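Below is one structure, written out as structure tokens, with a few remarks after it.
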Amino acid sequence: VPANAVTESDPAAVALKYHRDAASSERVAAARPGLPPEEQHCENCQFMNPDSAAADWKGCQLFPGKLINLSGWCASWTLRAG
């Protein structure tokens with residue numbers, strides 16, 4: 001886990017219901033439109049920055065200066081175009 005990874009106790013993460021592992025998130029109860037809940041994760045979200053950081057950790061527009069796990073999910077998940 002990178003030192004600058006978003007923690008689930010981070011105030012912004014709590015507000016957005018971010019979980020590092022989408023399977024342990026509220027994505028089924030709070031599913032967003034675009035894909036079935038089980039297919040919603042940070043890797044296919046429009047807020048994820050695909051050009052940043054390591055393989056499993058990327059930047060996110062919602063958590064400036066921090067990294068999210070591609071297997072994560074938050075309540076702002078929005079399907080990336082394309």
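Every residue gets a Cβ built from N, Cα and C, even glycine.
Swiss-Prot lists C42, C45, C60, C74 with the feature [4Fe-4S] cluster binding site, giving experimental evidence as the kind of evidence. Cβ neighbour count for C74 ([4Fe-4S] cluster binding site): 28 (other Cβ atoms within 10 Å of its Cβ, all protein chains included).
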Remaining residues near the recorded [4Fe-4S] cluster site, that is with C-beta within 8 Å of the centroid of the site residues C42, C45, C60, C74: Y18, H41, F47, M48, L62, I68, G72, W73, S76, W77
For C60 ([4Fe-4S] cluster binding site), the three-state class that DSSP assigns: strand
Cβ neighbour count (within 10 Å, all chains shown) around C45 ([4Fe-4S] cluster binding site): 24
